[in-house]
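See below for the structure under consideration.
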């Protein structure tokens, strides 16, 4: 069993982590994946930015970049927070991997957001879909008779070369990947002229990802944790170990989880539309978990995934299993 090297003595009690290209990423951000109420994401961003957040995580697939752009426009208009104060991440969807589509869709994202450039742009998944429009003017994939996306013969290498062009063009500051396993990364690093700065994956106490982190640390690829609370599908808030640790520090279970990630050097991007919870989630910089408590959380690993590409795409894409 892999033993992590992160402990109470490691100085990860700060707001930012340095990336391998010299840029910095805020260690906790706001996720924007879906909202039943279109206005919710705008309100959440406004609330988050006014309460200390400077990291917003989005994606073209989420379908809300124009709404987010309108919200940011109003926030910037107030004058207290400027574009350069914010670290914005977006992602290239699977149906836009072709070399003639990458720049086009990055530009569309930037225009929808109205922010001039992206701080970080990720390949959302290491799988390409056929685009339903010959000109690639949509992210909607071409589907088979069962409604499942049709896989496109596009290599990650082809897509990554276009991602590198985005940096050269000044459209993005940093580039990275999401949902990549070690084999994907090994291959990518054989030809990448610009090394990915980030690999955004699902990480939480029931899916600790230590082996993946060991590899990423070796090549200075920072992990970012999506679904750090398990999308509400995990019983973290009733877990006796997590509740006991939270009580010890007089913090919430969520705070303990985010702090555990922080002390491992992993950025977290929890999603919430609740005003008080957004504020509470950010409140992790005034305490430090002991080595013993970190090991207790580490012991909870059960390799439970709440976001599986097999069920997500209806395609036999065994990325992790």
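Each residue's number is its place along the chain shown, starting with 1.
Cβ coordinates are placed from backbone N, Cα and C, and glycine is handled just like the others.
According to Swiss-Prot, the protein has these features:
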ACT_SITE  62  active site, proton donor
BINDING   22-31, 227-281  NADP(+) binding site
BINDING   124  substrate binding site
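Overlay of Swiss-Prot annotations on the structure.
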residue	record	CB count, 10 Å
22	NADP(+) binding site	9
31	NADP(+) binding site	23
62	active site, proton donor	19
124	substrate binding site	21
235	NADP(+) binding site	10
244	NADP(+) binding site	13
253	NADP(+) binding site	20
262	NADP(+) binding site	25
271	NADP(+) binding site	21
280	NADP(+) binding site	17
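Each residue contributes its Cα atom, and for the residue listed as 'substrate binding site' and residue 253 (NADP(+) binding site) these two points are 29 Å apart. Across the fold, the C-alpha of residue 253 (NADP(+) binding site) and the C-alpha of residue 62 (active site, proton donor) stand 27 Å from each other.
For the recorded site, residue 280 (NADP(+) binding site), the DSSP three-state label reads helix. DSSP assigns residue 124 (substrate binding site) to coil in the three-state reduction, placing it in neither a helix nor a strand.
Between residue 31 (NADP(+) binding site) and the residue listed as 'active site, proton donor', the C-alpha separation comes to 10 Å. With respect to their backbone Cα atoms, residue 62 (active site, proton donor) and residue 280 (NADP(+) binding site) stand 24 Å from each other.
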